[in-house]
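S.K.: According to TrEMBL, the protein carries these features:
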type	residues	note
DOMAIN	B:43-394	domain 'Luciferase-like'
BINDING	B:D66, B:T103, B:H153, B:Y157, B:S227, B:S228	FMN binding site
Protein chains: 2
Amino acid sequence: MALASTQAAQARRQLVLNLFIYPGGHHEAGWRYPGARPERLLDITFYQDLARSAEAAKLDAVFFADGPAQVDNIRYASRFRLEPLTWLSAIAAATTHIGLIGTASTTYYEPYNLARLYASLDHLSGGRAGWNIVTTAVPQASANFGLAETPSHAERYARAAEFVDVVTKLWDSWEDDALVADPVSGLFADDSKIHPIEHVGRHYRVKGALNTPRIPQGRPVYVQAGSSDDGRSFAARYAEAIFTAHQTVESAKAFYADIKKQAAGLGRNPDHVKILPGISPYIGSTEAEARQLHEAFSDLIQPEYSISQLKQITGVDFSGHPLNGVVELDAFKDAGPAKLVASRFQLVVDIVRREKPTLRQLIDRLAGARGHYVVVGTPEKIADEIQHWFESGAADGFNVMPPWYAAGFDLFASQVVPILRKRGLFREDYTGRTLREHYGLPRPQSQFAEAARATA
Amino acid sequence: MALASTQAAQARRQLVLNLFIYPGGHHEAGWRYPGARPERLLDITFYQDLARSAEAAKLDAVFFADGPAQVDNIRYASRFRLEPLTWLSAIAAATTHIGLIGTASTTYYEPYNLARLYASLDHLSGGRAGWNIVTTAVPQASANFGLAETPSHAERYARAAEFVDVVTKLWDSWEDDALVADPVSGLFADDSKIHPIEHVGRHYRVKGALNTPRIPQGRPVYVQAGSSDDGRSFAARYAEAIFTAHQTVESAKAFYADIKKQAAGLGRNPDHVKILPGISPYIGSTEAEARQLHEAFSDLIQPEYSISQLKQITGVDFSGHPLNGVVELDAFKDAGPAKLVASRFQLVVDIVRREKPTLRQLIDRLAGARGHYVVVGTPEKIADEIQHWFESGAADGFNVMPPWYAAGFDLFASQVVPILRKRGLFREDYTGRTLREHYGLPRPQSQFAEAARATA
């Protein structure tokens, strides 16, 4: 029976599940919830324990967001940043299988520095690194890097494309067999297989090669999260996994179909582009208990914070607007995505159009997971939702966004994952060691390898 | 007796000892020596084990050099780079006390990125981070960052001074008690104690604040290694520990006296500037055995590599020069430190002037530890040398540079350290948890703290 279910699982398309780690939890008041341990927010062992729990549940990866600025209102929420590369390196040392995805910006990093950091994470983790490629758009970040203004959307994506081109070449610059390390002959590296990349482009000039041998995965897994038109075509071209925010299965399906089609149009195998919406589960043993849990979080919301977040997403200031007053669609008519994250702005406008919420209802919706899909219910209901999205062409898996830690994730791991496993939708155990293997992605060949040159 | 020696140790000035980790060992052929395990050169557990050995011997810190380019001839030597921040984060996870010093360049990093990486290393290690501040001078690095040419020496130091000013402000930008995290009141951070730094300078404009709370040590320990005039005055102003290369105790004493005097002249406590020359020990149970060990390494040298390194240090190409031919001082008369590391160039010229070596002898001298002090002898002899330098005003401690790993360090830890301990020169056990505590350095107050403002 165990064997049969294992075989069924192998035959069947498998979910991808990442644990998205955000200091204090994804609900903006998560750090205040009983048991959340805010005194451990800077304690690496707290995060190592979380990653070990995720690994015990056989999840694909842990994921850290990032941005090089203090953007959020820190007065009421645990919205500082944990630097992903260092944090993930320390987590790597405490785990053996789980993937390690960190965010870094193409706007504020030098390609050579970034390529080294991710190469090192992949070496020290034995092939578990993923890079979430972002094109950071906030003026606070630009002000930390001496930029008079934040580059335009198109400019940032043009820069990002060249950036990805450069770091890809750097990660390819040592062929797999360039490292010889033969103490008898004295040959350490075959330098005919180490290639200065000699990149000269519009934004970057990088001679290369990288100063470290090729990494276990060849390249880290390329992850992306932009949902604007530019973001989608960038993702379809480069991304191997896409994080995305959808409130409805219909919206997710449209996004899914669009990306897969664009990827196929570019000659890529659509199966090698995993679409992973966020999901924030509020789990109770009954529907009523789950609703109670969700309400307990709502009671901890501090509207002053929520309203500052709403302004950050939409550009519209609702201070002074009565909490019980309905939010009119008109309020957003002069706002626009010019200097905002386009997809996040649209998501809020869609909620207002669809649900005609009061200000209180709107901030409740966003407090849960900043616009990601919030599900409140029993483990079965949550598993049903996941299965429905997975089987109706809306998702290849999910970024799991617990409202708080550690119990908010432990509930998911102990209650929901076993149901998915029983249904044959999620692995019984790891079958590989690298993130590429977990995701079912090929290991890329170096573009400088002889075989690649011959077929070029 | 044990108690008496402990008391004596407490009363007496204590040595600082760091383990300098360089892939494959400090001898350029170290990776070829029997037992060196070149197949583990990219295996993080190899380095974690080394750091644990250093911690078991109660050393102050492990140290990683760095540079953002493949500079050395990789064909014959294990001279790739391990990225220090990620590598040290993974080592932090495997240790509890030992300090973690990583090198990063002020020429090729953005201050906000660098400040975050070191802040994170300090958080995740519980206050063990040190930053070795370098002003990288190699054209290969500039070519990896799109710089048409490497900035001049003076320009690099001017930039470095502003850089240190900026990151110091960033590390000070959260006062110690800015983080409140009180779930009952809902106050996460007292934002009146978080200070945008509003830096506008010649090279950098950084608004700040940092996006993470203040670190355990306040600031990482500032380490520096430049020995030129600019380097010395920079070190006297900013450094809390200085790594330096000297072939003779006289040269080290002159350097020591100069730095301490300059530091005192700037109103600093000279005890808070630790002078740490490199020392590379070849240890045998008899003098003859030690010499044999050293010769075994010399036999593994590949002159083509050594000559390429000599060219890199001096700008002079000795290919074609007979190995048994004497190197004339004249060979360096047209060369100069303009585009080189000034102190390293001078060190080679001094050896040539003092010792009139053949080319073979010169490359033997440099192969051991790139110009650092090489000592060949019994454990007692090595302990005697260390004590002599320490007690004659040449050093506050040493950067220990094993010719190879792991046995090359294990010999030092098991044979030399106990002698130093018996003589009351080195700690029996850690008395603190942070690198500042190991080094006897004060924890700096934030320049933005009320007390600091009041006395300003």
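In case you wondered, yes, glycine gets a Cβ from its N, Cα and C as well.
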S.K.: Could you say whether, by DSSP, B:S227 (FMN binding site) belongs to a helix, a strand or a coil region?
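M.R.: Where B:S227 (FMN binding site) sits, the three-state DSSP reduction gives coil.
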S.K.: Considering all pairs of residues in B:D66, B:T103, B:H153, B:Y157, B:S227, B:S228, annotated in the record as contacting FMN, what is the maximal C-alpha distance expressed in whole angstrom?
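M.R.: The widest Cα-Cα gap among those binding residues is 19 Å.
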S.K.: Which ones in the same chain are close to B:Y157 (FMN binding site), with CB under 8 Å and 6+ residues apart in sequence?
M.R.: B:T135, B:G226, B:D230, B:G231, B:F234
S.K.: Three-state secondary structure of B:T103 (FMN binding site) from DSSP?
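M.R.: Looking at the DSSP assignment, B:T103 (FMN binding site) belongs to a strand.
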S.K.: Given a separation of at least six residues and a C-beta threshold under 8 Å, show me what packs close to B:H153 (FMN binding site) in the same chain.
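M.R.: In sequence order, B:A137, B:S228, B:D230, B:A342 meet the Cβ cut-off.
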S.K.: Calculate the per-residue pLDDT averaged over the domain 'Luciferase-like' (B:43-394) and state the result as an integer.
M.R.: 94
S.K.: Below 8 Å Cβ to Cβ and six or more residues apart, same chain only. Which residues does that give for B:S227 (FMN binding site)?
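M.R.: Those within reach of B:S227 (FMN binding site), by Cβ under 8 Å and sequence separation of 6 or more, are B:T244, B:A245, B:F255, B:A342, B:S343.
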S.K.: What number of additional C-beta atoms lies within 10 angstroms of the C-beta atom of B:S228 (FMN binding site)?
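M.R.: Here the count is 18.
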S.K.: Within 10 Å of the Cβ of B:T103 (FMN binding site), how many other Cβ atoms can be counted across all chains shown?
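M.R.: Neighbour count, Cβ to Cβ under the 10 Å cut-off: 21.
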S.K.: When a 10 Å sphere is centred on the Cβ of B:D66 (FMN binding site), how many other Cβ atoms does it contain?
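M.R.: B:D66 (FMN binding site): 19 neighbouring Cβ atoms within 10 Å.
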S.K.: Please report the DSSP secondary structure of B:Y157 (FMN binding site), reduced to three states.
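M.R.: It is helical.
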S.K.: What three-state secondary structure does DSSP assign to B:D66 (FMN binding site)?
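M.R.: Going by the DSSP assignment, B:D66 (FMN binding site) belongs to neither helix nor strand, so it counts as coil.
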